[in-house]
Structures are given as C-alpha cells and as structure tokens.
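J.: My structure is below; once you've seen it, I'll send some questions.
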C-alpha cells in the first residue's frame, strides 16, 4: 500500500511480460508473425476475422484454417491471456462486473452496463493504480503493473461476445460506448492504451470497427501525456478527474496535482478539445463536507464558463475503510445549481453497480 500522497508513474520492474497477442500487433506485423512460423501471410487476416469480427478465441471454431495450423497460430498470436474468475450482476442482471485472472495471476476487473438506449463497458488499463487518490479503492491498492494492449482489448472482445450471445438481458446487442475508467490511469500506460484504441477502432477485420467518438479516456491530469494524446488525432472524448477546483484541496484529493496544478490540467484539456473537436468532460466525485460546498461549485462554474465542457458529478461510492461518504441531497442540489448558474452543462451520474462494488472508485479486484 502506498504512503499518503506517494505517486507511481512507472510500473514496478520485474513483472513477467504478457505473451504476444494479435491485438498487440499492427496488420503488417501480424502477417510477419504468421510468416515467421511457416504459415502463409493471409492466415493473419483469417485469424483477425475470427477474433475481431466473430469474437472466436477457440481454435475449434476456425474451420477455414487447416486443423494442423490452428494450434501453432493460437500459440503464436492468440494465447490465453486471461480467464474469468467470476461474474457479479445487479440491476436485473443488466450490470455485470467481471473479475479476471491474468496469465501471471494478477487480478483486474471490468464492468458491462446495459441501458435502454446504449451499452457501455468500463475497462481497466492497469492492474491497480499509482495515482493514490485517497477516496478510490483502486488508488489505495497501489500499482502492480501495466496491462498489455491485448489484455485491454480482450476485455472488450469478451464483452461484445457476451452481448451477441444474449448473456445480458435484453436480447443480442452491440457495444455503444467504451470508457477507460476502470482500474488504472490510462495515460500512465500510454503506448498500450493508444494501441488498444487503434485496435478497437480499425475497420473489421483489422480491428473491432468501433467509433472513436464512442470512446472516453479518463485521466487525473498527466499534462505532458494529454498534449501527446492531442497529437494522435483521435476523436475520442477526454475526461478529466478533477474533484476540486482549487489547488489546496486537489493536492490532497488528487495527489498528482502537486505536479500539475488545476489551471495547467484544464489548459491541456482545452487544447485537446480544440484539436479533437470533442467537448471536454469534467468528472467530480461529491464528498460530504469535503468538496461539495456551493462556493466550490460556483468557482468551478466560473472556471468552465463559455468552454466546450460537460460536468459529470458522481455521488461518492463507498469503499472499505473510507472515512468519507456521499454528499447530502440538499448539498448536491446546491452544487449543481451553482455550476448551472454559469451556463455550464452539468448532470449527476446514474450510479450503476454499487451493490457489487462495480461503481466508480470501487474496483479493487479481490476474490473475497
């Protein structure tokens, strides 16, 4: 467990590297990998078709590939990276949290949420998190390691398979939105997260063919990485986990603020919004008597007025051992009104998965 305020930007050394996976490679690299094991390069396209378009991970389903080649191709490009430990469901089974055991025994979680008009999946980009926010269960656990691109992508592939096969009530469906808001700070695992976005949005069969506009990447505010992300040319939405409008409080709630202050973080966010053409999201967990004062709502509204932005207020979800709790309804209402008075769009997030510790800030990946 990290000390209060301690930050970890680089994953601890010594972790075993995940096996190479199809999703880790570009289409050209997949052909090279297939040729390197003595198979014809076009097998790479067939394998991509099975994985990205049919969600078929089992070689027995690859009927257009000779039986003698399947095991070799699986070992080289589609190894078993992760297995399901368990599913926990709530909201009439329309919210499902999955606990995964990775190849090295590390545990991570993802959450699938079906609404009447859309399906959203919240995925993890790291095992644990090094940002050490004191109100977040993931942050309090510390950082174990980065996930590979393949480990990130496979969470979504499995979610899409589950939706197609009718495992979530409501009939077959397709993912509408992906949010990098599970375990980890996505921009601290920059290269692999960017690789995952490419694999998710490349047209089938090279990727999953999802829209960049349906993807949200959350960050506590790693300013250099936000500038770098703007250079990628993506149309994804950026969400900044702000949680306080003033540096004095944010230094405590979001320790990375001791490196990059609120103004620097927001300026980087405005640059991303301008270059991507997407509205910036501000995430703000409302904590009783800590950051939910109406004057802080007013200050936040003044800072955001006239900008391409939307504020998502999140009633604090309970975590084991936490001394904090959600705001009183009257304080939440006053906070919303203080922001809205400046013409800034603001909503209170519909909290899903709280009963199964699957809501924002609750992912801890334990087998208890």
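Yeah, the Cβs are placed from backbone N, Cα and C, and that goes for glycine too.
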J.: For which of the residue intervals 1-22, 23-44 does Swiss-Prot record region 'Disordered'?
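T.: Of the candidate stretches, Swiss-Prot labels 1-22 as region 'Disordered'.
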J.: Tell me the Cβ contacts of residue 185 (S-adenosyl-L-methionine binding site) under 8 Å, same chain only and six or more apart in sequence, or just say none.
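T.: For residue 185 (S-adenosyl-L-methionine binding site), the qualifying residues are 125, 126, 129, 130, 131, 219, 220, 222.
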J.: Show which residues of the chain containing residue 184 (S-adenosyl-L-methionine binding site), separated from it by at least 6 in sequence, have their CB under 8 Å from its CB.
T.: 124, 125, 126, 127, 128, 129, 138, 143, 146, 147
J.: Roughly where does the domain 'Radical SAM core' (115-355) sit in mean pLDDT, to the nearest integer?
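T.: Taking every residue in the domain 'Radical SAM core' (115-355) and averaging pLDDT yields 95.
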